[in-house]
């Protein structure tokens, strides 16, 4: 009965969606009919002109103005309708068609558990094919860049980069009397890159071998074991030890002992986090399949092949599947262009730091720490912080991920959505980084609700925020070599507050303005505080620092003069 009602509801929703589309099409057809009627009126009136061949010029100009005004009114209507409804309609249609394939009931990690009175039965999870649905689709910026108006904005950023380069060369020529083509800041940031590379290779080999063969050994022994619970607990313990001891503490030890510079640290730490999330997804998606196979007394054990797991480790997604939709060919010219843009963004960030950040923070500590200095620092940091935000998004979430997706023929390129149109922080968090959001949604939020039932949605959301804030702060603390929880405070307190205040019910354009204003201000605060602390620790070092010295802000007391 539940299946029939769910199917009926889905069919009703599909029907409503089609009806709404028909209404929108009927509206557009009415506009078109009105335009045609206007044209007919214009034609009839022109035919009613005096027979002597003279045309009323004023009347003709008035008609042209009227038709132009009607066309201008019609154009934004179509653009708004297409932009706001088409993507949602296609996505909903795909999800509903998937649910209809299962008899009208989409199997998720909740609906699988709702049979009879066993909604708390924790021995069964949704099969992996009923979580995130992968389809072939392009990245949003690739589609937008085909529009000349949007591509012009891209050209503006290139022009700004050229001006940064010229500004640096001119200033160096005036100060030094020669062209100084040195990249001291970049060479320092990426120092000891060979250590970072062999650390990455070690992490990759460990992630490739240990989780796979540990899972394989557990899966093939689970059916034959006389004590499956003990067998599972033992392998789960070994997997947790690997995640914490090998992938967790190993790279951290290398980063601290070899004192890697910031950019090299970011490479190691971000890859460490990625491998931990990948290994968790692989185990989380395949364990329910083995448990279900054991329940059905199946003779085959569903263990993925090494090639499938290897492909997943390089694929630009954190959700494991045995197979993904693939594109037919690899466009190597496209790959080269994406990597070229990544390197261009690196140089762009370098010039932003060189021209906007370094002069600011070198001089700012000539005055003692005060509210005046702090406010000026924050507002002066907003512009470079916003540029770094845009460049980081474009370099990683668009260029880097699309380059690997193209080389692997990975079809689903929705790594982000139109986060810039968000009128709420709830929507911004969902659309800024879809790759990480999917992992948090399926493995943190939904698993939390599965374990504690659906009554604790606010607690589940708070837990997801806490996990995300802790991981972000961990990455910054290790990469900058000091603990200064500005990001954690902004994320946990202001981010949570904005998530509930500026929620999805806010649709007016003013909320998009407020979202952008707070986002710009927040990034300015982050750049100001962390840069102040960085320079303070560089120029006010301690001879024998204690543990408290690493967590106590030094920018509040340090004063240095160049």
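Yeah, the Cβs are placed from backbone N, Cα and C, and that goes for glycine too.
TrEMBL assigns the feature transmembrane segment to one of the listed ranges (111-135, 236-260, 261-285), namely 236-260. Here TrEMBL gives transmembrane segment for one range in the set 332-353, 420-441: that range is 332-353.
Contact count against the transmembrane segment (332-353) (Cβ pairs under 8 Å) is highest for 373-405, out of 153-174, 236-260, 373-405, 513-532. Note on the transmembrane segment (456-476): residues 266, 269-270, 273, 440-441, 444-445, 448-449, 483-485, 487-488, 491-492, 495-496, 499, 530 of its chain, located 6 or more positions outside it, place their CB under 8 angstroms from a CB of the stretch. Residues 424-426, 429, 461-462, 465-466, 468-470, 472-473, 476, 518, 522, 525-526, 529-530, 533-534, 537, 550-551, 553-554 of the same chain lie 6 or more positions beyond the ends of the transmembrane segment (482-501) yet place their CB under 8 Å from a CB of it.
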